[in-house]
Amino acid sequence: LEPLAWSEDHRVSVSTARSIAVLEQLSDVHSGGQDMVIHRTAVPAPAAACVLKVGPKKEVAECKEKFASSADPTVSQTFMLDRVFNPEGKSLTPMRGFKYSSWSPLGCDANGRCLLAALTMDSRLTIHANLNRLQWVQLVDLTELYGERLFEAGYKLCKGDAPRGELGDFPEFQRRHSMQAPVRMEWSGICTTQQVKHNNECRDVGSVLLAVLFESGAIAVWQFQLPFLGKESITSCNTIESGISSPSVLSWWEYEHGNRKMSGLIVGSAYGPVKILPVNLKAVKGYFTLRQPVVLWQEMDQLPVHSIKCIPLYHPYQKCSCSLVVAARGPYVFWCLLLISKAGLNVHNSHVTGLHSLPIVSMTADKQNGTVYTCSSDGKVRQLIPIFTDVALKFEHQLIKLSEVFGSVRTHGIAVSPCGAYLAVITTEGMANGLHPVSKNYQVQFVTLKTFEEAAAQLLESSVQNLFRQVDLTDLVRWKILRDKHVPQFLQEALDKKIESCGSTYFWRFKLFLLRILYQSMQKAPSEATWRPSHEDAKILISDSPGMGSTEDDQEEGTSKQASKPSLCDTGKGVDLDDTAEDSLHQPSDTAGREPMEEKLLEIQAQIEAVEMHLTREHMKRVLGEVYLHTWITENTSIPTRGVCDFLMSDDGYDDRTARVLIGHILKKMNKQTFPEHCSLCKEILPFTDRKQAVCSNGHIWLRCFLTYQSCQSLVYRRCLLHDSIARHPTPEDPEWIKRLLQGPCTFCDSPVF
């Protein structure tokens with residue numbers, strides 16, 4: 001079911017029979033290759049089958065034996081063929097693999113990234129986190145926890161429910177399985193709850209909800225405290241009766257009206273109906289829900305609801321926010337526009353027909369502009385663009401023919417990137433000469449949906465102001481600069497105007513990104529694969545200047561190697577063997593032509609260092625502001641405050657009145673105290689002369705944390721996703737404000753820190 005899902009932190013999960021393959025898109029500033037950079041990890045499928053807890057083990061074993069040998073074929077055959085009752089399969093094929101996966105919002109795990117909820121084919125629902133960058137860790141098994149809750153409650157959803165029957169009755173045996181066999185699960189947005197501390201003070205705590213739809217029609221709503229660490233972070237679990245028979249799909253309805261946030265659950269049935277259910281939550285600030293369920297489509301027309309998406313939009317005619325709910329029903333798209341006015345909740349609904357000749361197998365939506373994408377198994381993808389009218393809306397749709405890009409293919413799932421720059425598609429080979437392929441080779445293909453100009457404009461006008469959350473857009477910009485080897489003039493001018501007008505550090509980080517990519521595009525491609533070890537003993541002169549090439553002798557040697565091993569030149573971009581050999585014959589002209597390039601590289605390097613220094617100073621001001629607000633007069637902050645102040649004021653060309661006033665207040669508060677850092681090896685003072693490292697008088701070198709500018713005097717530290725900077729781990733004795741500083745992203749590229 002929907003094998004592709006794209007998270008807010010740019011990871012694509014692909015559900016397969018052996019594992020969930022996770023493809024993480026990176027906008028790598030240290031690589032000169034034009035190809036999309038993807039890091040691949042995997043969440044393996046459990047080795048043991050999941051057995052739902054429906055009673056005591058001995059009694060369950062007796063009941064299974066009784067049903068399997070029953071003389072009534074309606075009981076024995078139903079029992080033997082139902083894979084929920086028999087997950088291990090015996091003579092049947094094992095139910096191994098993943099049925100569905102769902103990503104949480106950004107900011108839910110310990111690193112501030114997304115959690116992954118995974119549902120296996122044998123009904124095991126687990127939550128995973130990627131905590132140490134390359135390995136996925138299972139945090140909790142919700143199927144096991146929910147089974148224990150039901151067992152303790154006697155398999156009654158409400159305390160007042162009458163006993164249903166004994167486990168030996170086959171209908172009761174079926175009911176206990178269906179009430180804990182998940183169909184789908186979906187995450188809500190992050191909401192705020194209030195927690196009472198020991199001194200009766202209230203503090204705001206972030207929480208997130210996970211709704212799990214079961215075969216019986218019941219919905220379990222789990223509430224997790226953030227960051228989610230495991231079983232201890234579960235706040236509550238409430239069960240709602242949906243009243244829908246044969247439920248097939250679930251989605252959250254979240255609507256903002258004024259300062260109020262309304263929420264509910266949209267549930268679809270395999271028989272056709274769609275409705276919104278109210279979800280009552282306690283202790284959630286500014287949270288409201290519906291008074292009663294709202295039916296969006298009530299006809300039992302036997303068109304199963306396969307997928308539901310809810311898109312928040314702004315109505316240009318009504319001048320207010322609204323919700324667009326779209327659902328895939330067979331080959332049609334059902335849409336419903338929800339609008340809250342003084343008269344109440346207005347509901348407009350209809351169907352979009354004529355899209356596909358086969359049922360829709362996957363649907364995805366770009367939540368920034370409301371564009372919806374649908375696909376059927378014949379390789380046709382439709383793009384639906386909502387256009388508002390005075391009364392409701394209409395859709396303009398156009399066909400995206402994947403056959404023109406990939407040839408004859410069959411499609412199995414699609415997902416759109418968070419900013420709408422890419423469409424991920426799962427394809428297999430289509431028919432060739434009227435014949436189906438002998439074997440299927442599943443591939444994830446990426447199709448661009450935006451041009452470079454659209455991506456650049458969206459980055460400049462972004463309300464998010466975070467490069468990491470817009471990696472799909474920056475990847476298009478990166479590709480364009482690497483291909484053309486220059487930054488377009490219109491982008492340079494627009495960015496300079498933005499920096500002059502508002503001075504936000506986001507635009508400085510965007511400028512740093514462009515300069516780094518431009519620097520990589522100017523670099524000469526290596527003549528050999530950089531990973532291949534060299535077995536020669538010849539000494540190599542390493543130049544101190546960044547971007548400098550090797551000496552002429554080394555270049556001649558590298559050229560001869562390249563001629564003898566032509567296969568290695570494939571690792572470089574735009575390197576031609578004949579051109580390189582010809583250049584080696586004319587060394588004087590090559591040297592003369594290389595000088596302007598080296599000057600250009602040095603100029604770009606100087607600009608990069610200037611932008612990095614500006615961003616460092618801005619973050620230093622923020623750190624000093626936190627120091628001033630949270631320390632007493634004689635308290636040692638453990639942050640090298642005096643060193644940071646002296647470093648800021650060491651450059652005569654840097655004249656920032658805000659920084660001077662702040663430093664004046666801090667020095668007055670410190671009262672001539674310096675609180676220097678000391679080397680843990682020799683106890684000598686560590687001077688603050690460099691923002692990246694600290695060197696004591698005995699030559700011991702310690703790297704500095706880019707978030708607090710403390711020296712990392714341990715063997716274990718964290719690093720940002722793009723290896724830009726390093727940061728230390730928080731310690732138990734750190735005050736809350738230092739722990740909050742250490743939770744921040746990279747100051748150069750906005751990436752999270754691991």
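Any Cβ shown, glycine's included, is placed from N, Cα and C.
What TrEMBL says about a protein is an automatic prediction, not a curated fact.
The domain 'Transcription factor IIIC 90kDa subunit N-terminal' annotation in TrEMBL covers 6-450.
Under the heading domain 'DUF5921', TrEMBL lists 451-528.
Feature annotation from TrEMBL assigns domain 'Transcription factor IIIC putative zinc-finger' to 671-721. Across the domain 'Transcription factor IIIC putative zinc-finger' (671-721), DSSP assigns 0 helix, 15 strand, 36 coil.
Residues or ranges marked as region 'Disordered' in TrEMBL: 541-596.
The DSSP breakdown of the domain 'DUF5921' (451-528) into helical (H, G, I), extended (E, B) and coil residues amounts to 57 helix, 0 strand, 21 coil.
If you take every residue in the domain 'DUF5921' (451-528) and average the pLDDT, you get 92.
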